[in-house]
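**Student:** For reference, Swiss-Prot lists these features for the protein:
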ACT_SITE  167  active site
ACT_SITE  217  active site, proton donor
ACT_SITE  287  active site
DOMAIN    23-188  domain 'FAD-binding PCMH-type'
């Protein structure tokens, strides 16, 4: 127990595999669940004072945590999940579930968020990665975000300052942490929005191995190609290392089929990159983030 942080939900030596979509990941020295911005600021100020590293994990959907875990503080925003509407502007805290947020927009007949109706993860992670699918992406509706700087200061960043690109935002370089974001939606028809979301979710269920733990899409789309197609053409569907294999359903996904480890994921990613490059001359670039220490 850290007496200076009394009252905050903090768990020591907590295995992160219980919180990641891949079901892999070693322990965090301290796993914290702040309930508000004040508790979040207390954690960051304390960690900085004690020279302890800290990071925000988000919903850990497009992420692999190594088997040795993470030193210092890991902060999860599960309890920072409020969503508010002000006219056609939707504001969501970073821990709000992305899929549930799209349902709130639909309930109020607001259009613009349909593309994200099947993307797992949090609002904060979606902004960080400029998440997208089926022709839409976060940058298309983003207005602004409140972020926490490494010093514990809270400031607002505009869409222009985010420098959005394909699976990229400026905060990937600055280290700022999204704590809430505002999005510009438009009035729409409930039935039309609902039908579009049902269509996209049906496509996702047909094409993606949602029944297995995974980190989502592993690789960025190479210019002029599709990663899954290149992997399939290199005869890598079903290729397995340890407990992790390239999905037979969608070669762009790697699934945990038998108590796989982060090392299994990393080894398989490296093997796929090498094999695809040898076969097609295209070098795939991972979209998934890999963090933490090896065993």
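Along the chain as shown, residues are numbered 1 onward.
Heads up, the Cβ atoms here are built off N, Cα and C, so glycines get one too.
Could you tell me the structural context for the features on the list?
**Tutor:** DSSP assigns residue 167 (active site) to coil, not to a helix or a strand. Within its own chain, residue 167 (active site) has 129, 130, 131, 132, 220, 287 as residues 6 or more apart in sequence whose C-beta sits under 8 angstroms from its own.
Of all the Cβ atoms in the protein chains shown, 21 others lie within 10 Å of the Cβ of residue 217 (active site, proton donor).
Note on residue 287 (active site): other Cβ atoms within 10 Å of its Cβ, all shown chains, come to 18.
The average pLDDT computed over the domain 'FAD-binding PCMH-type' (23-188) stands at 94.
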